[in-house]
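The structure appears right after this line, and notes come after that.
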2 protein chains.
Amino acid sequence: MTNQKKNYHHGDLISSLIKAASDILQEEGVEGLSMRKLADKVGVSRTAPYHHFKDKNALLCAIAEAGFKAQEARLASLLSSHEEAEQRFRLYVHQYIEFADTQREVYDLMYGRLIWKTGTPTNSLKAASKQTFKRWLDWVEQLQADNVLPNNNSALRVGQASWASLHGLSRLLIDGIYLDRNDIQAMIEQMIQTLIKAQPASS
Amino acid sequence: MTNQKKNYHHGDLISSLIKAASDILQEEGVEGLSMRKLADKVGVSRTAPYHHFKDKNALLCAIAEAGFKAQEARLASLLSSHEEAEQRFRLYVHQYIEFADTQREVYDLMYGRLIWKTGTPTNSLKAASKQTFKRWLDWVEQLQADNVLPNNNSALRVGQASWASLHGLSRLLIDGIYLDRNDIQAMIEQMIQTLIKAQPASS
DNA sequence: TTTTTATTTTGACACTGTCAAGATTAAACG
DNA sequence: CGTTTAATCTTGACAGTGTCAAAATAAAAA
């Protein structure tokens, strides 16, 4: 019950809810995001949100979906830059981890257990995630052609495996297992080395 | 309130709790594990467990700790086998994913947000995880010497990055993002290819 | 102006973690 | 053996959660 006009009809609750939820998410994490607290913050009664979102799961799915859109947009923006192929990939890796790091709670929703296992991903969310992944695969194909990523397997497999690696690093960050900033940067570099095809000469 | 003798003193609640909790965990996931349900299952009142575990977090930490011990034992067992270095590493990767897959809920506790970020890892848990990681690093050093893992960086960096990759794959499995069994096996193979130093000839 | 529809609210229920105070039993001591 | 002490367990209570059903309110359509 903050500073909201007290019209019985709120206007556009639906987007106000997503915005407020995103705020709480960033500040307190999913644990701090309850439907009641959210409703209160928007200045509406406990159950009002349920007329716009089937349940909490649906709300979270909507936020996650927006995350996929954002991630995809970031990739598109990078792909339209005039960088060399390998350099572009390096930038992407850093960008991916940075996204996961700064938007940790959103990232957690996007790829986390809460929605995908405990909850039920919306059809709309599934579609968004699928598309984002497809965009990634398309690029992987290019990267293979440009000899940046290995050709020893299909774009699908290479894309899956390398994405899994990025995901693993992201999770360590998000879940608070690795907190040392310097370590993370160095880990990213090492991972890039492993992922790209041309390894520097050794022994 | 199942089939338990109704002694006022339970005998060894502490281990009964861990066992029962592990069972619930495997069958219903963390979401299905409540302190009250647990107490009921063991045949004891709601708050009895609180005299043996400070809170739910402490209970979960104990389970996670046992998981690290198990994981470490598995590694030790593998290291005492008479396999060639590279083959041993391949086996380990498969074993790692299999562990995560069959003990998903325990794995999730071991490396998941619930304890490490939302909750507070016990000192004892921190020690166990640290030791398990150290054992891994020691082996990585060997693997580098045996030319299985790359020498382009310290054992710590190589160990961190490759472990992060395994972790990423595990999470995709656990969180239910990738459900296709066949894909997973192929992804593992691809990841191994990427991780080990000697890549098969290509192009 | 009346009817229909879209929104929002209040009440209620079952469930959660956990604290404080009391009850019960086993172990230690004389 | 009896009594004190310590360990263990229970009941009561509180604040918080997601969400359903029914009633209230306001806007849009007729």
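Counting starts with 1 at the first residue shown.
Cβ coordinates are placed from backbone N, Cα and C, and glycine is handled just like the others.
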Annotated DNA-binding region segment (source TrEMBL; candidates B:34-53, B:134-153): B:34-53
Mean per-residue pLDDT computed across the DNA-binding region (B:34-53): 97
Helix-strand-coil residue split for the domain 'HTH tetR-type' (B:11-71), DSSP-based: 47 helix, 0 strand, 14 coil
